Amino acid sequence: MESIFHEKQEGSLCAQHCLNNLLQGEYFSPVELSSIAHQLDEEERMRMAEGGVTSEDYRTFLQQPSGNMDDSGFFSIQVISNALKVWGLELILFNSPEYQRLRIDPINERSFICNYKEHWFTVRKLGKQWFNLNSLLTGPELISDTYLALFLAQLQQEGYSIFVVKGDLPDCEADQLLQMIRVQQMHRPKLIGEELAQLKEQRVHKTDLERVLEANDGSGMLDEDEEDLQRALALSRQEIDMEDEEADLRRAIQLSMQGSSRNISQDMTQTSGTNLTSEELRKRREAYFEKQQQKQQQQQQQQQQGDLSGQSSHPCERPATSSGALGSDLGDAMSEEDMLQAAVTMSLETVRNDLKTEGKK
């Protein structure tokens, strides 16, 4: 199918597309067809002038526009016919009595030119298969042999004029290639207008879909951005809270250290105050020691008296030691322990008294 030459519609140049698709190449241009149209106009003018240039018919003919071409690109059947004569080709009306009497099967022909109003297109046999080369189609349309007659009959019912092309067409690559192979067409080509409408509809649908997707993507991005922002704010708050807690902890430690230093200084002050009354403390200790010694001496005397009364009752028993030595040893032993205990006790009492005095202040 790629080897088949197929010109698509441009403007109203369907006559040009029809001829080039028939001949399978860029054989004619609008300028060449316009030149043929001007020649036909001049031939018609000369025939009209034969009746007199002053006649009413001649003046009317000159005032009328050309019947062989117009500014849109339309060309008449006469222009097409004269263009084909250059290649030795002739056009015969398909439904004319002369052709119908020949009873030729359409599949035995080589090509047809179809016209409806101002549109022209070609149906041609390439190799062993028929193709509709209408320039309004997006590509060549394969026509089976059995469908060809029905296709032509349908065109006639729709008002088309069908012309049979007689003569030898120029050789072309597509004809040579399709002589050896047959092609299959899975999808029929669409009309250019239908394809453009479909493409436009697809573009509109795609645009709408893209807008929806962009809107969704945008909202999704906004949602993601909001989530990221919330996450960042939460982390920031956590960091601030942690910083506040750390600051509070540092502040508490600092205050604790300051309090400890104050307590230490107060203790040092109290200790220094205690040192100032050490003489008084020494006197208290001596008085306490003397009181304890007096108690111990009284206890020793009472014990000696008990021993003497016992000796008078038992004259055979002798004391192991003298009472003076025993009292001295006990006094010495008691004095060392009691002195240590008394010192500790008095120190504690002194500290308590100082604390009470400080508290009252």
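Here, residue 1 is simply the first one shown, and the rest follow in order.
Every residue, even glycine, has its Cβ placed from backbone N, Cα and C.
Proximity of C14 (active site, nucleophile) to non-local residues of its own chain (separation of 6 or more, Cβ distance below 8 Å) is seen for G73, F74, E118, H119, W120, F121, S135, L136, given in sequence order. A helical conformation is recorded for C14 (active site, nucleophile) in the three-state DSSP classification. Per Swiss-Prot, active site, nucleophile is recorded for C14, and the stated evidence type is experimental evidence.
The number of other CB atoms found within 10 A of the CB of H119 (active site, proton acceptor), across every protein chain shown, is 18. H119 (active site, proton acceptor) falls within a strand segment according to DSSP. Feature annotation from Swiss-Prot assigns active site, proton acceptor to H119.
Around N134 (active site), the C-beta neighbours below 8 angstroms that are at least 6 residues distant in the chain are F121, T122, E141. In the three-state DSSP assignment, the secondary structure recorded for N134 (active site) is coil. What Swiss-Prot records for N134 is active site.
Marked as compositional bias 'Polar residues' by Swiss-Prot: 258-278 (among others).
Sequence annotations record features per position, and here Swiss-Prot assigns compositional bias 'Low complexity' to 294-305.
Residues annotated as compositional bias 'Polar residues' in Swiss-Prot: 306-325 (among others).
Annotation for M1 (ubiquitin cross-link): spatial neighbours G139, P140, V183, Q185, criterion Cβ-Cβ under 8 Å with sequence separation of six or more. Feature annotation from Swiss-Prot assigns ubiquitin cross-link to M1 (among others).
Residues annotated as ubiquitin cross-link in Swiss-Prot: K200 (among others).
The feature region 'Disordered' is assigned by Swiss-Prot to 258-338.
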Residues of the compositional bias 'Low complexity' (294-305) by DSSP state, where helix covers H, G and I: 12 helix, 0 strand, 0 coil
